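Trainee: Starting off with a structure, shown below.
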Amino acid sequence: MQQVPWGRPLLGVHFPACTLALRIHRLWIHSTATALVPLSILSMELHTVLIMLSLLPLLEAQNPEHANINIGDPITNETLSWLSGKWFFIGAADSDPDYRQEIQKVQTVFFYLTLNLINDTMELREYHTKDDHCVYNSNLLGFQRENGTLFKYGEEGEVETLLHLIVLKKHGAIMLFFGLKDEKKRGLSLSARKPDMTLELWEVFQKAVTHVGMDESEIIFVDWKKDRCSEQEKKQLELEKETKKDPEEGQA
């Protein structure tokens, strides 16, 4: 995982004039010391500056409104159906340094949500890339319709984690807020139907982070070039198909 704006220039798209000036100044300093700086770094800096310059007209034309963060909106059956399927973890912000360090060890995450309306639960199946290896986990999530929260069960059936859900249907994305009452442990995550992020969605996420009293420097994004779970996903999906076929064949 990498921090913005330096680590992921295509995601950190909110460029104040001072940030662009700093980039150009750094590039000038590097160019005067090429004997000490690898050419690849100079090339990367130049590429980032060119991206910033190309986006400036678009960003100047935008006047984004404050993100409408309505924590506590009820969860409906329509919302639950919409949540079902595959999601890509885009990034997170967390004020707890220890937890943030743990997040940085995870290279990528994608997950599936499978709805069970009978029990008011959702099956969570996660694929983590960590240390260039894929790790698969499954868990059960519960939800409280009235106040728009999801919760994760512990090993003994107790509620382990409470998450406030924000649905961003326009962007095909969701945000999960946690620990909002504790300024030292609060955080939020962003997941979407696609592993990339538009400029508009970045603005929404950025404003959500500041809305709950956190700083942009606490945002961490994943790098999808490091995903190692595609093969594991295929095997798991094939196994699930076979498992579903067996009971049907037994009844035939």
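Please read every residue number as a count from 1 along the shown chain.
Glycine too: its Cβ is placed from the backbone N, Cα and C atoms.
Pulled the feature table from TrEMBL, pasting it below:
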MOD_RES   Gln62  pyrrolidone carboxylic acid
DOMAIN    84-225  domain 'Lipocalin/cytosolic fatty-acid binding'
DISULFID  Cys134-Cys229  disulfide bond
Trainee: Select one residue from Cys134, Cys229: among these disulfide-bonded residues, choose the one with the most other Cβ atoms within 10 Å of its Cβ.
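Mentor: The most densely surrounded of these disulfide-bonded residues is Cys229.
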Trainee: From the DSSP assignment alone, can you count helix, strand and coil residues within the domain 'Lipocalin/cytosolic fatty-acid binding' (84-225)?
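Mentor: Counting residues by DSSP class gives 30 helix, 73 strand, 39 coil.
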